[in-house]
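Notes for the one structure printed next.
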């Protein structure tokens with residue numbers, strides 16, 4: 001929220017300094033964001049007088065001028081068609097910086113004629129769109145004076161941060177009211193004159209089938225002349241960052257900021273029929289004033305004429321009914337729109353506007369008749385014309401309510417000793433009227449502009465309460481209790497800085513940091529992956545649904561209704577989605593060989609709570625160059641090694657796990673695996689990414705990934721584990737070559753061998769896989785080393801042969817393989 005100091009003083013009678021005012025703003029909860037002085041950039045610019053202007057000797061479209069800016073004649077070459085002898089202009093001396101272009105002026109020659117400065121247009125100074133000629137000032141403009149002083153542009157602009165509950169502070173008058181309550185001056189009385197009416201309005205209102213608008217007023221003003229607004233209005237709007245458009249539009253923008261009362265104007269000649277209807281949308285489209293096509297839904301409240309939608313209610317008007325310089329009859333709209341409906345429509349269509357910001361916080365319904373009169377008065381003063389009788393539809397919403405404050409709550413809640421008279425005075429200055437009171441409490445009428453204080457009346461509590469709380473209130477289970485709001489109001493004006501500090505009691509020894517099992521697993525995993533050369537990334541839990549679709553993980557249930565950006569509209573089903581985008585950016589910057597990991601949430605309908613914690617990682621490109629071995633492309637085995645290291649660190653017995661080949665479609669179908677504990681529990685996935693995905697994301701050719709589902713990892717058993725006893729007897733190693741079907745998983749063979757003689761077999765390793773000319777089609781040879789470790793004696797040849805036979809039998813039974 002921005003406003004100038006002079007604008008504030010139109011509502012606040014005060015001689016307080018800028019510093020005093022801004023300090024007080026922060027103290028009363030209207031946090032100061034900054035102070036700007038737009039005139040600072042124009043400080044070097046002076047008022048000049050063109051003593052002589054003649055045709056440039058070497059250029060048809062240039063003029064050679066002699067300008068006096070208070071320090072003697074200066075030669076300036078100018079291309080403006082209106083540069084002529086005798087006029088007063090804005091002169092930029094050598095060394096000045098042109099605000100809109102950043103150009104620093106230097107002395108020089110233009111086509112052989114010296115030029116030591118510049119004569120400026122309105123656009124070059126950022127004061128308008130006119131650039132056809134230089135600014136012409138009145139004859140009495142003082143030569144040599146600073147242009148900012150002459151135009152009154154050297155004025156500070158105050159910007160404050162307004163919290164979502166304080167819609168009343170999105171107006172200059174609302175800010176002035178708070179400052180007056182805090183003792184910074186007196187709030188000026190504002191009562192607009194009632195405008196004389198002549199005849200019925202050319203347009204009337206109708207509310208049809210929507211609860212999003214409860215009351216709407218309006219009137220026609222005939223015979224207006226819609227040209228540029230006066231300088232004072234343009235300067236005021238431009239100072240706060242608004243672009244002046246035309247008198248009629250500038251008037252509506254003025255009241256939006258001045259009173260927090262959005263208005264809209266329709267060109268009567270462009271409205272089809274003589275009736276404007278507030279109703280629900282129905283898939284219709286219209287071109288909005290912001291230049292965008294808007295397609296409304298049945299959930300939107302719109303304003304429509306006889307041919308269709310002309311405005312999205314409370315948010316943005318339509319180009320088709322907008323006012324232009326040819327407008328002669330205008331209809332002024334002043335309406336009360338439902339805050340929730342406006343907020344939802346604004347989010348649905350991603351349209352932000354000053355009107356929406358105020359309507360969705362709740363505006364002052366009692367101000368509507370006065371605002372319409374004030375707007376009518378300014379339209380007639382600036383544009384001429386004659387006002388019709390006002391027209392209305394609906395009824396004023398029920399806003400009157402009361403709230404009770406018990407004085408002991410000021411001490412209990414705020415820790416402040418505030419006298420009763422002082423507390424009553426603060427509430428009165430803020431607009432709360434006294435309804436009743438006794439020695440211990442007072443009951444006040446909540447003012448119409450404070451939509452954030454619910455009271456115990458019927459101010460549409462659904463607007464300030466959640467649905468479940470509202471249901472409890474309606475059932476009499478829970479009472480709306482606005483007392484804390486009144487305590488806050490008194491305290492912020494009285495001065496939070498005046499509350500005496502109180503020392504907290506000693507807390508004793510600080511307990512040692514502790515982690516939940518989930519936090520402990522995540523921390524262990526992070527340290528492990530960092531030690532394995534991966535870099536931790538922290539990415540958004542949101543992604544572009546188009547990228548998520550490449551992974552086959554873009555269900556509608558995970559689509560965001562109100563995304564923070566158009567390319568962040570989908571909750572990720574796996575961190576690999578966002579990690580791959582990070583890897584893509586790294587590769588585009590020349591960092592193709594690297595590894596990333598992230599421990600974060602992934603979202604699924606089928607898991608408890610809708611989300612799970614996943615440790616995911618990517619390795620891309622080639623391994624680092626080393627003198628021991630040449631660089632090579634990363635493989636699925638590198639990803640598997642990461643998974644195996646992580647599961648080992650989490651105390652899982654690897655021999656009890658199995659690997660299947662049913663990885664999701666974003667993995668390579670022949671170079672990926674799923675780690676399971678039993679047939680149902682999926683612990684991890686790993687493998688090379690699918691070539692189609694690699695091409696779509698423009699990743700390096702070698703790209704592998706893994707996912708570890710930390711929520712599925714079982715808690716390690718807390719029983720004490722004895723250290724294994726080392727045998728004093730020599731182990732026996734035997735190699736077996738099994739011929740099995742080509743689709744036989746090596747893991748099945750290893751598990752069968754490992755379980756064949758449990759008291760002897762201590763190690764099983766796959767050392768060879770052969771598929772070649774000497775093998776039958778559809779068959780392969782698996783070379784397995786088995787270690788027999790006796791504990792109490794050396795094995796005899798017969799015992800070794802017996803154990804070997806059991807290994808062969810177990811593998812044959814499990815896989816159908818035969819000894820080669």
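Here, residue 1 is simply the first one shown, and the rest follow in order.
Each Cβ is built from the backbone N, Cα and C atoms, and glycine gets one as well.
What you see is a predicted model, and the numbers here were worked out from it, not measured in a lab.
Same-site candidate for Mg(2+) binding, as annotated by TrEMBL with 485, 488, 489, chosen from 440, 452: 452. DSSP classifies residue 452 (Mg(2+) binding site) as coil under the three-state reduction. Mean model confidence for the domain 'TRNA-binding' (39-148) is a pLDDT of 92. Sitting within 8 Å of the Cβ centre of 452, 485, 488, 489, and not among those site residues for Mg(2+), are the Cβ atoms of 165, 450, 453, 482, 484, 486, 487. Counting residues per DSSP class in helix, strand and coil order gives 6 helix, 41 strand, 63 coil for the domain 'TRNA-binding' (39-148).
Taking H, G and I as helix, E and B as strand and the rest as coil, DSSP gives the domain 'FDX-ACB' (727-820) the counts 28 helix, 32 strand, 34 coil. Each of the binding-site residues 452, 485, 489 was assessed for Cβ neighbours inside 10 Å, and the highest tally belongs to 489. The number of other CB atoms found within 10 A of the CB of residue 488 (Mg(2+) binding site), across every protein chain shown, is 18.
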